[in-house]
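Visitor: Got a structure here, written out as structure tokens. Questions coming.
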Amino acid sequence: MLPQIKDALKKLEDKELEKKYLQLITTLLEKGYFPGLEGVPVAKSSISNIDGDKGLLTFRGYPVQELAKHGSYEEICFLLLKGDLPLLEERIELTEDLLDHKELDDSIAETIVSMDDDLHPMHMLSSSILQLQSADAGCFNVENYQHNLNRAVQLIAKFPTILGTYRKQDPNFAEGETFDSLARYILYCFNEELAKQEKWINIFEQLLILHVDHTMNNSTFSVRAVGSSKASIYASIATAVNSLSGPLHGGANERVIKMLEEIGDPENVEAYLEEKINNKEKIMGIGHRVYQTYDPRALYLKENIIPRIFNEQSDVDPELDNLYQIAKKLEKTALDKFADKDIYPNVDFWSGLVMRAMDIEPKYFTTIFALGRVIGWTSHWVENMEVKNKIYRPKQLYDGFNTRHIIREEK
Ligand code: COA
């Protein structure tokens, strides 16, 4: 059967498509299903695109590196939600809109402060998003594009406030402060001192932009799957936050720093890697489902952001510098060891170090990822409502018992 299919596929003009279809058909014939939905197209989207061989990531056609270098959080928000970069007045209007909607209802802020501070910030974030739903009675009507867009902007605006309120255990943590940009406000929620310094706001804003969207990753797929049942934006985005919290997804950045600390010294890198490989354990911050080359976001951090922190500053904390030396050695050793597998550092490998340099507590690292990604999630939710996608309902391959019956002794 495969030779016939191969002949039919050869007639396709697009050779990339021919390769992809052949891989899918081969998997189906060999396994009968698609583990992890690898390579399976599940939706049409015009928000972002990846060329995994070339290491190219674009948002609405623009390479992510150009957007990180020249764009602002608000501009990228406009670009993703509305399809193109804003004019000056549109950017100003969106910035005002976002800053105007950042406040939480008193009752929600109080609930956040009353939550157990052992709760991981990602799980606090997802449950607080569901709290927002209770203050928005109209959110179950998801058919109006303009209302959907407005809700997306309001939710993006409230994300940092939820996190700032919880982290500072104070509903009025920003009282009396004024902010001219979202990046400054978001950074203020995590480090008030750095939020006064343009250099750090710029680094932080670039970090956020690099995380904004990444095609059909696990959390974005979750948004689209939950949203396909016409669930509210809050229910859909809360699900995405939970998906992102996992160590194989966004949770990796927090674990990268723990791993560097555990290694302790550049001298220990070789032995650490050997042990992990022998135990068939994953090394955090390495590998990616869709890149067969260096993740462009990781490369951008390595080439443009890391040098601004470690090479241009003379007063780098020795403990932090040690982590950087370990990361450099780990990167080099991993690239050598995995040379035959096409495994490279991903964005989480370098982003953890950047956030550590900003004195952000590791348990908040994945929330910073979420603060970028919420723009992508909400854009996908809005897009999904427009394209009238079918409800997601894939098939399973049943491998349980044949039908059987309860046998009970007569009493
Ligand atoms: N450390 C060691 N080996 C790794 C690896 C890692 N981080 N990532 C992939 N591999 C190896 C696997 O062991 C496997 O080898 P094999 O073919 O000899 O069995 C091969 O590479 C393919 O890995 P697989 O797990 O099937 O790829 P995937 O596409 O399902 O997984 C990730 C992608 C991202 C989940 C995976 O690379 C990973 O777990 N990375 C660490 C967590 C992380 O950094 N996540 C953030 C992603 S942005």
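A Cβ is built for glycine as well, from the same backbone N, Cα and C atoms used for every other residue.
TrEMBL does not curate its annotations; it predicts them automatically.
Feature annotation from TrEMBL assigns active site to His288, Asp348.
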Visitor: How many Å separate the Cα atoms of His288 (active site) and Asp348 (active site)?
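Guide: Cα-Cα distance, His288 (active site) to Asp348 (active site): 11 Å.
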Visitor: Can you check what DSSP calls His288 (active site), collapsed to helix, strand or coil?
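Guide: Once the DSSP labels are grouped into three classes, His288 (active site) ends up as coil.
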Visitor: By a simple count, how many Cβ atoms lie within 10 Å of the Cβ of His288 (active site), its own Cβ left out?
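Guide: Counting Cβ neighbours of His288 (active site) within 10 Å gives 21.
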Visitor: Kindly assign Asp348 (active site) to one of the three DSSP-derived states: helix, strand or coil.
Guide: helix
